[in-house]
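J.: Sharing the features that Swiss-Prot gives for it:
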{"type": "DOMAIN", "residues": "30-75", "note": "domain 'F-box'"}
{"type": "REGION", "residues": "59-119", "note": "region 'Interaction with KLF7'"}
{"type": "MOTIF", "residues": "194-201", "note": "motif 'Nuclear export signal 1'"}
{"type": "MOTIF", "residues": "451-460", "note": "motif 'Nuclear export signal 3'"}
{"type": "REGION", "residues": "487-529", "note": "region 'Disordered'"}
{"type": "COMPBIAS", "residues": "493-510", "note": "compositional bias 'Low complexity'"}
{"type": "REGION", "residues": "577-776", "note": "region 'Disordered'"}
{"type": "COMPBIAS", "residues": "599-609", "note": "compositional bias 'Acidic residues'"}
{"type": "MOD_RES", "residues": "S599", "note": "phosphoserine"}
{"type": "MOD_RES", "residues": "S601", "note": "phosphoserine"}
{"type": "MOD_RES", "residues": "S607", "note": "phosphoserine"}
{"type": "COMPBIAS", "residues": "622-631", "note": "compositional bias 'Basic and acidic residues'"}
{"type": "COMPBIAS", "residues": "683-701", "note": "compositional bias 'Basic and acidic residues'"}
{"type": "COMPBIAS", "residues": "705-728", "note": "compositional bias 'Low complexity'"}
{"type": "MOD_RES", "residues": "S742", "note": "phosphoserine"}
{"type": "MOD_RES", "residues": "S746", "note": "phosphoserine"}
{"type": "COMPBIAS", "residues": "764-774", "note": "compositional bias 'Acidic residues'"}
{"type": "REGION", "residues": "793-879", "note": "region 'Disordered'"}
{"type": "COMPBIAS", "residues": "793-804", "note": "compositional bias 'Basic and acidic residues'"}
{"type": "REGION", "residues": "896-915", "note": "region 'Disordered'"}
{"type": "COMPBIAS", "residues": "896-906", "note": "compositional bias 'Basic residues'"}
Amino acid sequence: MGPRKKSAKVCVMDSEVAEEMTADEEKDYMNQLSHEVLCHIFRYLPLQDIMCMECLSRKLKEAVTLYLRVVRVVDLCAGRWWEYMPSGFTDSSFLTLLKKMPDVEQLYGLHPRYLERRRVRGQEAFSIPGVLEALQACPNLVGVETSHLELVESIWTYMPHVHILGKFRNRNGAFPIPPENKLKIPIGAKIQTLHLVGVNVPEIPCIPMLRHLYMKWVRLTKPQPFKDFLCISLRTFVMRNCAGPTNSLKYVPLVTGLASARNLEHLEMVRVPFLGGLIQHVVEDSWRSGGFRNLHTIVLGACKNALEVDLGYLIITAARRLHEVRIQPSLTKDGVFSALKMAELEFPQFETLHLGYVDEFLLQSRMANADLVKYGLADVVENPGIITDIGMKAVNEVFSCIKYLAIYNCPHLHNPYNWISDHSRWMRLVDINLVRCHALKLDSFGQFVELLPSLEFISLDQMFREPPKGCARVGLSAGTGIGVSSALVSNQNSNNDNDNNAPNNNANLHDNNHHHPDDSDDDNDFRPDLQAGEAQFAADALNEMEDMVQEDGELVAESGNGMPAHNREVLPVDADEEQAGPSGLQRVVKPTPIADHDSESDDEEDSLELQEVWAPKNGTRRYSEREEKTGDSGQSRETAVSGKGKTPLRKRCNNSHQTGQAKPFPLEESSCEKGCQVTSEQIKADMKAARDVSEKKKSKDVYPSCSSSSSSTAASTAGNASSPSTASQSPDFARTVTSSGSSEPSPPEVDVSRQCVCSPGGSEDSEAMEEGDAESSVCPRCCCLRPQESQRRTGRCSDEERPSTSRACVVNGADGTRSAFSFRTLPQGGSSGPAHDERTNGSGCGATGEDRRGSSQPESCDVQSNEDYPRRPLTRARSRLSHVPLISESEVAKTKPCHAMKRKRTADKSTSTSDPVIEDDHVQVLVLKSKNLVGVTMTNCGITDLVLKDCPKMMFIHATRCRVLKHLKVENAPIVNRFDYAQCKKLNMDQVLDQILRMPPERNRIIYLRPMQQVDTLTLEQKLFSGPYPYHICIIHEFSNPPNVRNKVRIRNWMDTIANINQELIKYEFFLEATRTEEDLKKYPKYPWGREIYTLEGVVDGAPYSMISDFPWLRSLRTAEPNSFARYDFEDDEESTIYAPRRKGQLSADICMETIGEEISEMRQMKRGIFQRVVAIFIHYCDVNGEPVEDDYI
């Protein structure tokens, strides 16, 4: 306030008063102060500033001399222990300085940047002998703080009475351990804290004063380095990745010495190969006398020989004060916590548990275990922790007060929901951090989060990841190598049809909710009005699938009303060239196809070359079954359970001409094919079918070929219907099959080639085809071609306009009930399925169930020429969507046969992970519902959609390198205000921004984006400023590379200032509040859309930025002169950031309003409204070329 009064004195004065003022200003007030006052002032100044005052005046020089003569504590680094002391010292100057301080007792900050080992005659330098000489010139010296290895060893040698103050921490540590870093510790050294990093030490002797010993990358050179180890005052012992003796017996003195430290609080041993069971025996001997009783932190990591009893005894002994435990993977077992549970102990202060703990150095080091062993570290190969859901339930029963839980790489954890029991409620859990738990199920995790009453923070790293391409087809568990042969695994997970069971193929996985799907078809066998989609569920239940199917994701065979709500809203995703879907997969409810015969062996192909000209890769089984059913209904059960594997038999269709209606076939034979993997039951059926193959060959004829190679290529898709070109060769009539299985003739004037014969009852298409995919428009269920205009939905939003969380495909049942199915977006080169007639106004080729049953003339689809067929086989991702063919096989048999052609081999078989397929990203929706959740952080996760269902306290979302994260849906999260999306390759930026800006304006919001694709800035700005968003909007385009965070960090300071001014004006000055209703949007259809938009540009640290905004007041505040409250201790100004309010003195809304008073009056006269809240969107363009830029701040 002083400077403010001074500025208020500015007025007209006569010359005499001005001369008096000048005389007063020229007075030297410092020289008028007494020596005592000056010495008191010097106590608050750094030594460097005090020494600079010597040359200012004689009185100040006297005061400095007097101060140095009486000073007892000197800090050469002015309290900044991490810095180096001032440079420029030599031996003589340092000696002169210390001679001026005869009474100094404690010398802090003796951190020279460089010291010579010895003096050089005739040359001024700063050397170790010179420093020792200067220290010895201080007779009262008690202690010195330093970080120099050779200097501290010299002090111990030549000045043993001097204490080493503070924390000794050498600053030249590295790995591999530099040979020049050496330190010999004498017995009884006067030091309390010793931190050694990358040092060669002969031994750790008896040091009674030592309280904290920290050793990292220390090489212990003596054969018995702990022979004399005894530190009775020790409170902290940390030994990480040290190169010590390999003989486990040589660590016995170490553990016994630690037991004698009765005040030991922190015990951390990483890669220490002590003898297994040693700690157990030492605890048994010492616990009565207080050994390990006061531990509050226990860390065991990569200790090769450590046993469960060692850890258990430590935990039990320290139960009263234990705060934190970090457990290495080999000890992360159910048995540890079961035993602790039986001990019936209480842990009143316990808060933090880290399971599967792996040291940071081992995680970040690129060295293999052999390289580490070469440098002297212990030979340890860690396997993942084997704790299961049963063990996790026991964790909370043991540690009921746990607040922070971290789990690393525990692949046998599946259902977090099962961690909760009557005795395990996780009532106090505040923070959960999951890393690489690849089998954890997403839906179960969401349910677990919902039941945690105190949870505030979630951190997910490498969770719910997508498997490599093809892993889903060969039964591999994503990225872990845990899996079984594809010949033994049922493919419930065909291509993108991943569910929660597929990755969990380990025999030792604990899950008590197994069931077989055989019980789901009882009500459907005799329902003739069953829809095709429902029939598939019933048919799938008759096939032997995986031996473990989870209850929580059970496929419901009856009407859609029986499905849980979270399954009804399963979300499709965009067509993409990469597969997403991790090991712990969310249940996606789909029409599950039945088994097909997928023959890929060369021998069988040669033998069946002439018999199978039209041989679709995925689905000829249905034809053979139905033809056999027509010829002999008694064979239906034999053909219903047929195998599929590496080289199963491919069944061929009968060519007998049927004159009457086909007999109704069982429902289990009317579904889509399943995939490419087999069960043991199906293998047995294959063997039986092989014995009868000669009989069946007699009753089967050749399938007619398609008219061209391109047709045959397209035919290798689903195989559920004949190809369009085949159908078009007999345009007389076609038969449509009702849901009961009978066929009806259609009028002969309807061209079969123009019909879509695949559509299940009323199912709508999953997503519109990409507009760029004009080269082929293929119906996914029958491969009939449709024109592009019929593919594009007229009544639906595009993917950019509408998140996948709001789209669900609905199949109308016969009784009006609804069943939810999630159909994938089709790969490029295919097309989306037939659209629901409500959505396409009749332009699609699908019909409702009632239409199909009651009408003899199904809706038709237009056809394009054959050259528009895709030039590659359509994938299983397409073929699994195929339904029952509606053309009778008798009509297929009447078509003209073409010349036999050997089918083109592709790698699309069950044992290949290099298939020539384009797979969609697996839809994985993380639904968060929590009363206390504050923030979620996701890194390298395979989640595609994030839904904030009910998070009233949520404040931030951070997503980094989430490759398939696309959408955000906010249902109820009113105060979330910070969004950070960095290097998320497939993020739908328009949809995310729209969701955030549509939230009610209860908070200012800031959005950080680092896109990995080009951004159309003009379109983006138009959408944001013209949209119905009741915020002032600021878009900042940052082009620094490598990334500069200066602007990003500073935005938060001044965006709130703008909002605070607006709120003051609206609440207390009765300023007009702006709105963005539909009427406002119609009123301002063109630029600037009712906003006052302006642009600011500049350069920060050599990188340009551009800001387009309608923030009021900002331009005036930026250009205003600094006021009396200006703070110049702040590092930023207008040249280094967009706006620096502290440099201007604009510290509050009231001060700012004084500055912009005129502009406020003008706005009031213009009756221009303002919004109460603001949104800042910061877009960093360093990654837009698709290559992520390394960034320490990310």
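Including glycine, each Cβ sits where the backbone N, Cα and C put it.
Looking at the shown structure, can you explain where the listed features end up?
T.: Averaged over the domain 'F-box' (30-75), the predicted model reaches a pLDDT of 84.
With a threshold of 8 Å between CB atoms, the same-chain residues lying at least 6 positions outside the motif 'Nuclear export signal 1' (194-201) that come near it are 149, 167-170, 172-175, 177-179, 181-185, 207, 210, 212-221, 225.
Sequence-remote contacts of a segment are chain residues at least 6 beyond its ends whose Cβ falls under 8 Å from one of its Cβ atoms, and for the motif 'Nuclear export signal 3' (451-460) they are 403, 417, 420, 426-434, 928, 930-939, 941, 943, 953.
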J.: What are the helix, strand and coil residue counts for the region 'Interaction with KLF7' (59-119) according to DSSP?
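T.: For the region 'Interaction with KLF7' (59-119), the helix, strand and coil counts are 21 helix, 9 strand, 31 coil.
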